[in-house]
Amino acid sequence: MAPKKVLLALTSYNDVFYSDGAKTGVFVVEALHPFNTFRKEGFEVDFVSETGKFGWDEHSLAKDFLNGQDETDFKNKDSDFNKTLAKIKTPKEVNADDYQIFFASAGHGTLFDYPKAKDLQDIASEIYANGGVVAAVCHGPAIFDGLTDKKTGRPLIEGKSITGFTDVGETILGVDSILKAKNLATVEDVAKKYGAKYLAPVGPWDDYSITDGRLVTGVNPASAHSTAVRSIDALKN
């Protein structure tokens, strides 16, 4: 029996975003933690982005977010994580039938490109239609902005419960005004737009993830591992 496979999506957006001039992009642990979780459970993992390129969110490289074994894995060019990243694919190089889980990692960069990432959305929709799981963490649910259920033609999240980075969190980070200026939808905006029920954690930094059938979402970097675990459980069930 062929090993189960996960398609782990990254944002292609990597440009100045924060008020201090730092770039946003992929939030490291939101890709690293799911990757390591899936690999530990025996899954093969491929990385994909809409353009086949990616860059790191510079704030996610700070010691507060990247330390210990995570930092070791990230800096080791021979780590399983980095070797797999080096083979990142474009959607055109991917066959949705090969994968059982689509996992959208995050970083504020996703708010820029996921809603327009039609090829990534098509693959996610196909994996879901095939009976697979679609998961997203933190700002990853931006992928649901325009993502349809192939079987119904309706928005994938319509009538479902999701979570994701909170509007309160955006305010605490001081980026709410930046999002408004750039006309970027928050995860809560996306939920409202498509008729999903948004469930918030008690605190914006809590480890909090939820499952609604084969749809799995998590709220922040601390939830990346639990979101991956829930994805595996949803596939088993």
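Every residue gets a Cβ built from N, Cα and C, even glycine.
Pulled from Swiss-Prot:
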| type | residues | note |
| --- | --- | --- |
| ACT_SITE | CYS138 | active site |
| ACT_SITE | HIS139 | active site |
| ACT_SITE | GLU170 | active site |
| MOD_RES | CYS138 | cysteine sulfinic acid (-SO2H) |
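Here the features listed in Swiss-Prot are painted onto the structure.
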residue	record	Cβ contacts under 8 Å, 6 or more apart
CYS138	active site	PHE27, GLU30, ALA106, GLY107, GLY164, PHE165, GLY218, VAL219, ASN220, PRO221, SER223, ALA224
HIS139	active site	PHE27, ALA106, GLY107, HIS108, THR110, LEU111, GLY164, PHE165, VAL187
GLU170	active site	ASP176, LEU179, THR186
